[in-house]
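Data block below; observations after.
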Amino acid sequence: MSSLTVYHESQPEQPLKLLTHAEDIASTLAEVGVRFERWEAAAPIAAGASQEEVIAAYAHEIERLKRERGYITVDVVSLDSDHPQKAELRAKFLDEHRHGEDEVRFFVAGRGLFVLHIEEHVYAVLCERNDLISVPAGTRHWFDMGEHPHFVAVRLFNNPEGWVAQFTGDDIASRFPLLED
């Protein structure tokens, strides 16, 4: 189940709010400029589906986002517990960073924890299958895929270079809960 846990940045052990209804998650995140939606596939997606099949299943929603926000590049990222670089990738994504463009992810399968550091608060968004999250450019955040990752996500970019991070050097992520496997 998708969830949103809100903390004050100085109290990682004490959540201020825990939400599990998609509408509540979406409205709370909208207050800080983050988009959260639930999508349904237009066609069933089989295990092991190709990038093209995944994109085709969500073509209507993807095209709508491209028109609305000017995204030019779409791809599919898939990571599981057999990936040879899972530990290195997890460590990299767990460092607080920001991007010069929106970070848009739609979870086709599995789950991941997006943690957003906005002003004095930390918003931990557990994204699962059918969740779309759009983190605005410049937002400090980190991502945890867990020790045993399993996710397939559609990514949209307005930068043809794809994922380009600017790391903040802040170790705040080390003080907050990780994704439980």
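Yeah, the Cβs are placed from backbone N, Cα and C, and that goes for glycine too.
From the candidate list His60, His141, His148, His150, the residue Swiss-Prot records in the Fe(2+) site shared with His97, His99, Glu103 is His141. The recorded positions recorded for this entry are Asp102, Glu103, Arg105, His141, and the Cα of His141 lies nearest to that of Glu96 (site 'May play a role in metal incorporation in vivo'). Geometry remark: His141 (Fe(2+) binding site) versus Arg105 (site 'Important to generate the dianion'), CA distance 14 Å.
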